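Enquirer: Below is the structure I would like to discuss, written out as structure tokens.
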Amino acid sequence: MSDQAHAPTSRSKPRPAGEEEASAVLKLGEFEDVDTLTLSEASLVINALMAKRRKDRKDRNETDVLNKTLDYLDAFARFKQKENVEAVERLLSAHKELTKFERAQIGSLCCDSSDECKTLIPSLADKISDGDLQELLDEMAKLMSA
């Protein structure tokens, strides 16, 4: 073994190019008006695509990252049935005062209370009343247990 000191083999992670921020004021940069999906919607889309690829025998592109993504979505997607995913999307879409990003966050986090939801998604503070938000969360909870 050599006693020579070696330079570190890793480097620090570069800072992102944009100034994106999801706090009390959303600053999503180039992602501002991009359609967003809840984890449940992403799970449906990717699983449907994978089923079609397997049916067409084009599943050669299943990578480790894709499989880990599917595992993550299976673990954290709150709504498993397609009908419930669609019902949640309709509930969220009815709240035009919320951004697409905020709706996707609400649909993915599935908080128990409006207070918890506004703590985790600070940009909701002045956009929706606690009562309206709690009603939305309660309706979503019914779909989770269905």
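Quick reminder: no glycine exception, Cβ is built from N, Cα and C everywhere.
Feature annotation from TrEMBL assigns compositional bias 'Polar residues' to 1-11. For 29-146, the entry in TrEMBL reads domain 'RNA polymerase Rpb4/RPC9 core'. The region 'Disordered' annotation in TrEMBL covers 1-22.
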Enquirer: Can you tell me the mean pLDDT for the domain 'RNA polymerase Rpb4/RPC9 core' (29-146)?
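Expert: Taking every residue in the domain 'RNA polymerase Rpb4/RPC9 core' (29-146) and averaging pLDDT yields 90.
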Enquirer: Across the domain 'RNA polymerase Rpb4/RPC9 core' (29-146), what are the DSSP residue counts per state (helix, strand, coil)?
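Expert: Summed over the domain 'RNA polymerase Rpb4/RPC9 core' (29-146), the classes give 83 helix, 0 strand, 35 coil.
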